[in-house]
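**Q** Have a look at this one.
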């Protein structure tokens, strides 16, 4: 703190401000005195008549410095020449008034006072040190009882509490043999008496001999605290203050308002209270007042100091005149409005402005339109200097007048100033780094900022009244960074997934799609052209329609690896309009790429291919040209929307009637009692969701084609030119789901609680809704809107937590040299390969050689997999690759470039200094908000899917079984009796094309290695029940299945057959709660096999019946799921990142071995695993849990025993960190994929790395750790390397998984943790330990106001460190090279303006 105050003294010696770390400790009384410039003796603030500060008061000029610059209070000394003189009359030093911001005062307290943070912030530090309970300490502090501080030779004990009665008794008995006190004095004495080293030794001896867990916990906590005090040179008695620092007056100002009133900071009230009580107490002590009065006054002093430090922490908060609690010192720094988040992490910026945005379709990608008025204001100082240097004005004042009058020459100067001076545009909320980009301003009339349409996706902007802010980078370095790193032309790829984000959308897509579509019998069909230009001329002269099919000779330029070009001319069949696109495509791209229908996906592919093959500059020019072309053609096409375009399919009526009939049938079955209410509901919902799909399909089929007359006069079918279809098919606007509601049927709607209303809306929007239908509609839609509001906040909070946990992760080295990595496989869901292996490993570094089936090395370890590598992997049918990952990177602080791989936003290997942590957090958090804002588009229409009950092959191929355990059924098919069975279908090369999870109890209709045709059924099962299957043949015998107590007889009305249904323990009479209903099978081999039956099982066999292998003994009904909505989504992502243990989570086998069941205790089953060495693991599992494994089965460690959501902590413990990483990555990806959002796995891995930072010590070995400590993984690794080098026992530890909030609070940096959450707790803990913040992360550096150690700041810090170590700091040139790794920014070499480049580009005709 001393240094912090010193840096404030004189800004002149700025060089001294460089520091490498900040320490926080308790302040000793001497320290507080040394900060102080005098004692505040009076509670007065300023004189009400003269408005001058009162002497010795809270604003005293003698203590804190002069009120006006270089002027003492009485006015004897004025002006600068007297600087440093102390006036003899009023005692004020003549200096700048700014010193009133950093000169502190102090108050000498008449009686010591405990610091409330160390008392009440849990765990209470004072309580821990004294080993007393908080209640007891409070009773002493607030003068309710005495505490014995020195028992002398009496029978009393130290730390014993005595109330008044006991105290007087003891006095009578022992006289002054003992000392007992009350109040903070007593606590201070006790703290002074603690001999820290002695206590530590005692505890170290006591800990190994402690049996009880709670005692052990308490002792190790106390030991940690004592060691913290010992190591930090803090004295325990400093937690009780005898001298109170006073904040500089300008930080708690008193401002005169009009009307003679004053506005004051609450702190002044709180200080006044303290001073009043302190002075009263001094007087009472001088008068030797009665004990009880003094005691009361001391208690009041303690309370007022408590309120000053942290109001409301104890008792009722002190309130001001307006009944609201006063803001204490602690409130000043915590929370969103506190010092950290309001002023240190979020500053307001000068040279900025904001205005509404409008579209600027004529701009180039690197430009934005800036209103003249705004530009003039923003660039004022620059304009002044230009006016002066050009001799148009002689003084600044004159220049100012000219600018105010807006004289004509001012505009010329402004244009000169603005040329090549980029500005930053920002749209709130800035959810990822593309929300702030640099543009070159173009001066425009009007008052709105013009924005280039292609960057709207990145800003998530639209033109319905959005506003944007403009900032001016002032220094040359800032301009350089803006131009080379932040220019919109350098941000073509999205950092989240590496795909182009500068991709045409909406109108542009519509225009491009329209001209690339072929129409039958269009004008000029069948013409053949010699050159592309000839065809373009024909289009221009209206002899050729853009939709006509033609043939044309096309000359392509092909570049090889070295960049040499060859030309190749071919005759191509194409559509006339596609030549317009070919005309703007850069040289070196293939004609085939634009010879397709230009849907949004294809345009994105085209842009991607252009970026990868032709580089940034070409891509930018191409994107602009595409946009101009798209806008023009969309206008010319005349595509618009009309009510006639919503064609209702003729089949709709029949389909709905058929569905109604089905529903009636089910209603009848329900009335006759064949189906339960739940089943009826499920089936009805099922029917309607199927019908809805059928109607939608009929509608789309109907919309998708037109019958037209071709040139021969015959009818021909062609893809439709219906406006709505065009918009949806091209991806310009609208989705099949929305068209379905316009022209199909609206379908099932959800209630606000997520359940589906079983009566669907049969009408669509074109037919119009009845009142009831409208009501049902709004019912679900309103939920969508309410959700949105809530979820936006949630998503923002998720992003904040993610940024906080990942902020200090930066690329610090090139290669850590680790051998480790993670195994990547294709991502499979519902049998389909959703994400090919190639796509998942693109941009990663290979960790182990990738081998072909012939054992050749295809990709050696250490190669970065690029697009070419992906082709190699796909062509060779490789189904797993080991790649380097951030999770296994060995760099202690940060990560290495090899483990991270490709920088997604730039498309080459990541640079050192890239802050990958923040990028990851933004990439995950940004779509969260997008998703929350997009729920209501489909209007609450329930997107429920019909339940699967069988699988059939999609492709022809060969069957492969995975983890299959089957029993042959009498009917000749196989019955699956394993839990995680999967069936794959491989092609001739051996590549798996599809893979399906098959549930327990399915009938499999094929054998391993069989060849199957596309569409052939492979397996089937009943989705609504879970069967219990016997693997053996034998005779079934009932055990504990008693009618009326554990089971009840259900009679099927149709067949008259009766079957038992097992009752849950809740529904049983009390005497049969502990019975365990089971079927015992006496097998033909003479063994007994027991099948326990869970509640609600419907038994399918009778007592004494002979059963065959594969038969079903009973079925357990399963409920079907509700709707899938991102509501499940966002909270799901948050749960995964917070590593929450799910409710009723899956139970996993703790070790491999054989299963048996012990005697059950009340409500729980005893589950036992015995491994090969005879070790036994027992656990109690609640009876209602359905255990998947039966007696005598073998299980592997980590296998699921009882179904449920997996618990990430179990996965980490039983299967290791890579299994955990795969689980979290897949789960998070599933949520985002459901919403069609693409995020690269790397980002999720980065967050997981941060969640795995801590380990728990299980055996301390020869280190200074304790068992149960939580330590940084990097530190333990370093410690172990040291220990092993010295041949000592290493530390044994277990990796810990921390949720992101916990991980943020557990960071090494207390500044970062304090600015995140729970500020008081973090600072209290840090101060006691005397923690040093090394300022490694980004956040800490922002708070202390330095350049961040990432990006260009990394070079600065490296240079600083070198200079500090006495090495020559390197020159500016090389520093800049390091900062902007030159290969990274292709446009850095191109400092000519884009316009020149552009003109040159167009002049070279294709």
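Including glycine, each Cβ sits where the backbone N, Cα and C put it.
Sharing the record's features from Swiss-Prot:
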BINDING   72, 74, 87, 90  Zn(2+) 1 binding site
BINDING   462, 464, 466  Mg(2+) binding site
BINDING   816, 889, 896, 899  Zn(2+) 2 binding site
**Q** Would you mind listing, in sequence order, the residues at least six apart from residue 816 (Zn(2+) 2 binding site) in the same chain with a Cβ closer than 8 Å to its Cβ?
**A** 889, 890, 891, 895, 896, 898, 899
**Q** For the recorded Zn(2+) 2 site, whose residues are 816, 889, 896, 899, find every other residue on that chain with a C-beta no more than 8 angstroms from the centre of their C-beta atoms, and list them by sequence position.
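**A** Apart from 816, 889, 896, 899, the close residues are 813, 815, 818, 884, 886, 888, 890, 891, 895, 897, 898, 900.
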**Q** So among the binding-site residues 72, 74, 889, 899, who's got the most Cβ atoms within 10 Å?
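**A** Most Cβ neighbours within 10 Å: 899.
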**Q** Fill in the CA-CA distance, residue 72 (Zn(2+) 1 binding site) to residue 466 (Mg(2+) binding site), as an integer in Å.
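**A** One finds 52 Å between the Cα atoms of these residues.
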**Q** What other residues of this chain sit with their CB within 8 A of the center of the CB atoms of 72, 74, 87, 90, the recorded Zn(2+) 1 site?
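**A** Sorted by sequence, the hits are 61, 73, 75, 76, 77, 88, 89, 91, 92.
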**Q** May I ask which residues of the same chain, at least 6 positions away in sequence, place their Cβ under 8 angstroms from the Cβ of residue 87 (Zn(2+) 1 binding site)?
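**A** 72, 73, 74, 76, 77, 93, 94 - these are the non-local Cβ neighbours of residue 87 (Zn(2+) 1 binding site), listed in sequence order.
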**Q** Helix, strand or coil for residue 816 (Zn(2+) 2 binding site)? Use DSSP.
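**A** Residue 816 (Zn(2+) 2 binding site) sits in coil per DSSP, no helix or strand.
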**Q** What number of additional C-beta atoms lies within 10 angstroms of the C-beta atom of residue 896 (Zn(2+) 2 binding site)?
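**A** Other Cβ atoms within 10 Å of residue 896 (Zn(2+) 2 binding site): 22.
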**Q** Neighbour count, 10 Å Cβ-Cβ cut-off, for residue 464 (Mg(2+) binding site): what number do you get?
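**A** The answer is 5 other Cβ atoms.
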**Q** Return the residues near residue 90 (Zn(2+) 1 binding site), defined as same-chain residues 6+ apart in sequence whose C-beta is under 8 angstroms from its C-beta, sorted by sequence, else 'none'.
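**A** Correct list: 55, 61, 62, 72, 73, 74, 76.
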**Q** For residue 466 (Mg(2+) binding site), which residues of its chain lie six or more apart in sequence with Cβ-Cβ distance below 8 Å?
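**A** Listed in sequence order: 356, 357, 427.
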**Q** Same chain, not part of 462, 464, 466: whose C-beta falls within 8 angstroms of the C-beta centre of the Mg(2+) site? Give them in sequence order.
**A** 357, 461, 463, 465
**Q** What three-state class does DSSP give residue 90 (Zn(2+) 1 binding site)?
**A** coil
**Q** Look up residue 462 (Mg(2+) binding site) in the DSSP assignment and reduce it to helix, strand or coil.
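**A** Once the DSSP labels are grouped into three classes, residue 462 (Mg(2+) binding site) ends up as coil.
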**Q** If I restrict to non-local contacts, at least six residues apart, and a C-beta distance under 8 angstroms, what lies near residue 462 (Mg(2+) binding site) in its own chain?
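**A** Sequence-distant Cβ neighbours: 456.
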**Q** Can you tell me whether DSSP puts residue 899 (Zn(2+) 2 binding site) in helix, strand or coil?
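**A** In three-state terms, residue 899 (Zn(2+) 2 binding site) counts as helix.
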**Q** Under DSSP, is residue 72 (Zn(2+) 1 binding site) helix, strand or coil?
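**A** Its secondary structure by DSSP: coil.
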**Q** Taking DSSP three-state, what's residue 889 (Zn(2+) 2 binding site) in: helix, strand or coil?
**A** coil
